[in-house]
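The annotation active site, proton donor/acceptor is assigned in Swiss-Prot to E80, H234. Taken from Swiss-Prot, the feature active site, acyl-thioester intermediate covers C112. Taken from Swiss-Prot, the feature (3S)-3-hydroxy-3-methylglutaryl-CoA binding site covers D28, C112, T153, T201, H234, K243, N266, S296, and the record attributes it to sequence analysis. Annotation source Swiss-Prot lists CoA binding site at R199, K239.
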Amino acid sequence: MAGIVGYGVYIPSYRIKVEEIARVWGDDPQAISRGLVVEEKSVPGPDEDTATISVEAARNALRRSQIDPSEIGAVYVGSESHPYAVKPTATIVAEAVEATPEMTAADLEFACKAGTAGIQACMGLVDSGIIKYGLAVGADTAQGAPGDALEYTASAGGAAYVIGGKNCLADIKETYSFTTDTPDFYRREGMPYPRHGGRFTGEPAYFKHVLGAARGMMEKTGLSADDFDYAVFHQPNGKFYLKAARKLGFESEQVKPGLLTPVIGNTYSGATPVGLAATLDVAEPGARILAVSYGSGAGSDAFIIEVNDLIEERRDLAPSVAEIIKNKRYVDYALYAKFKGKLRMA
């Protein structure tokens, strides 16, 4: 089965603290931080969008992969915040990394799991022999209405993965998906912000699908939580992530490396891919990782990944997630609102 030849991440440098958002809306910042397990989140600059984030992440992935970009046969960008309604983000990324023109490209949408859907698509094309390498990106500049609970977590960032059959720094040993029609979160065409079902987004949506995919994978492979060195889950907030881990029998040491929501918020399509990248940054050869995404609507993709010796040669060829996160500067709510386009002139 195909594996990970290279991976890369990009997170905007701007940050806003939970306290600053709470100050504007008269909320209790300590209660929010405790309830969501979030302290601050990333904010895209005025010149950043899903396309620019995807390009930066892809370039970092190619640095680690050490391949010729012209050998990439497919580029998929998964997001729910593509900058154009009719104009693919994937072609922008492909052109920027010099993968064009002998390749296919497409934008994918499935709420927050579109990035892992792209990984699966690349795996299929690689394993079938149609392409040599595929590039899958999960990135977002997430939306949250002013004053809505989502505003405390909806952030920006993304990760890219070069998928191939040889010279892999990690092998994808198995994949498994769990999908139903569950309308927990949606945004119609023309709506500036999504709507969500509040508590309905928990048990019947996130937990049903994340746990369903993880348990389905374990049943399929005969593995249990004790058989994994690390686990990464979709992280709309830190609370859901840690609760899912406990329900599946994972210890905090297994899931802590991939938990990034407390310091960058929920990067939506980037959440699981970025968390996986942070885990690959610290994993030793031979480590086994369980990664489970989630997308509202709703579905989860699960992967079993085993790290190879090549990780030690390529890990330092691009910035680590920790290094990228450390590069930050804070903004107040006024600048945040300006950057996010929340202030609209008549």
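Positions of Cβ are set from backbone N, Cα and C atoms, glycine also.
Locations of recorded Swiss-Prot features on the structure.
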residue : record                                           : Cβ contacts under 8 Å, 6 or more apart
D28     : (3S)-3-hydroxy-3-methylglutaryl-CoA binding site : A22
E80     : active site, proton donor/acceptor               : E109, A111, C112, A114, D140, A142, R187, Y268, S269
T153    : (3S)-3-hydroxy-3-methylglutaryl-CoA binding site : L36, V38, K41, G144, P236, N237, T261, G265, N266
T201    : (3S)-3-hydroxy-3-methylglutaryl-CoA binding site : D184, F185, P236, S296
H234    : active site, proton donor/acceptor               : C112, K113, Y206, V210, F240, Y241, A271, T272, V292, S293, Y294, G295, S300
K239    : CoA binding site                                 : G35, L36, V37
K243    : (3S)-3-hydroxy-3-methylglutaryl-CoA binding site : F207
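Under the three-state DSSP scheme, H234 (active site, proton donor/acceptor) falls in the coil class. Highest Cβ count within 10 Å among the binding-site residues N266, S296: N266.
The binding residues for (3S)-3-hydroxy-3-methylglutaryl-CoA are recorded as D28, C112, T153, T201, H234, K243, N266, S296; their greatest pairwise CA distance is 28 Å.
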